[in-house]
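Participant: For Thr167, the entry in TrEMBL reads active site, nucleophile. Marked as substrate binding site by TrEMBL: Arg195, Val196, Gly197, Asp198, Thr218, Gly219, Glu220, Gly221.
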Amino acid sequence: MLPVLVVHGGVGIIPKERVQLSCAGVQAAVRGVYSKLQGQGSAMDAVVEAVTLLWNDPHFSAGLGSVLNAMGEVEMDAIVMDGRYLASGAVSAVRKVANPVQLARLVMDKTSHLCLTGEGASQFARSMGVPEVPEESLITEYARMRWKKNLAADANPVECQMGKMGTVGAVAVDAEGNIACATSTGGLLNKMEGRVGDTACIGCGGYADNRVGAVSPTGEGEAIMKVTLARLILFHMEQGRSVEAAADEALAYMKDRVGGLGGVVVVDPQGEWSVRFSSLQMAWAAAQQQTLHYGLYTGEHFTKNIDNPY
């Protein structure tokens, strides 16, 4: 059953003209990484690379294509976690970094801290030789259009969030049974400057434990934080629930308790995995034993050989 890689491109309502690109993006990320997992690559390397590929795709709200804050600027969050040692690294409200998930990996590997934020994260990036990129290189015309639309006095905040391609994330189990997760986001459209959501918070925006499993969530960040969604799912798995049942129970609790919608990708040490979401859509893809799995709507699950580009 091993190795396994599962990725998501965020929950929400995706405009028709972006559906095909979204589905193609998650599949490309899985294809671009899975062969390395089969070649004894590590779960941690796999999730970081998969999220990097999604970050570089302008059709997701992370990295290139991130939503803009109230000031029209890009502020991004990311987290990684290694299930072998419960090691984790995160960054929040970072600017002018092409791939904050890679910076989060450096926080885990090169510091004694779990999370760096704002200018402190930027200083650390410079000390590690991470290149600074112009902010304009991360902003697409689509993101700027939606930012301006939401500034209007008669803007509907809920409606404006609908076209957002959300948080991206990945979970993996490698051939040795090691587990990892990575999650990254541009955040909430027109958020207050300095706002930090669930993504950078351990147990909320991701969690990985070799003894239980790994989770990467997406959705309404404040709701996810209130119920510590990632860790809640793993708690249910510790109580004997399957990956699917644990995810469903936690998502239902979040919706009932705080009115939040979301989605998750989950995997356990044996290679059982699940994709669950309470929103209308979530682009996702997974690879296991040369089969590519993918879908977009609730209950949708297609398969094909991973080497088939069509």
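Using the three backbone atoms N, Cα and C, a Cβ is placed for every residue, glycine included.
TrEMBL labels come from automatic prediction, so no person has curated them.
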Participant: How big is the substrate site in terms of the longest C-alpha to C-alpha distance among Arg195, Val196, Gly197, Asp198, Thr218, Gly219, Glu220, Gly221, in angstrom?
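Facilitator: This binding site's residues have a maximal Cα-Cα distance of 16 Å.
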Participant: Compared by Cα position, which of the binding-site residues Asp198, Thr218, Gly221 is the closest one to Thr167 (active site, nucleophile)?
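Facilitator: The answer is Thr218.
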Participant: Starting from the Cβ of Gly197 (substrate binding site), draw a 10 Å sphere and report how many other Cβ atoms land inside it.
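Facilitator: Around the Cβ of Gly197 (substrate binding site), 23 other Cβ atoms lie within 10 Å.
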Participant: Specify the count of other C-beta atoms within 10 Å of the C-beta of Gly221 (substrate binding site).
Facilitator: 28
Participant: Counting every protein chain present, what is the number of Cβ atoms, excluding its own, within 10 Å of the Cβ of Glu220 (substrate binding site)?
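Facilitator: Result for Glu220 (substrate binding site): 23 neighbouring Cβ atoms inside 10 Å.
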Participant: Write out the long-range same-chain contacts of Asp198 (substrate binding site), meaning residues 6 or more apart in sequence whose Cβ is under 8 Å from its Cβ.
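Facilitator: Long-range Cβ contacts: Cys204, Gly205, Pro217, Gly221, Glu222, Ile224, Met225, Leu229.
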Participant: On a simple 10 Å Cβ count over all chains shown, which one of the recorded positions Thr167, Val196, Thr218, Gly219 is most densely packed?
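Facilitator: Selected residue: Thr167.
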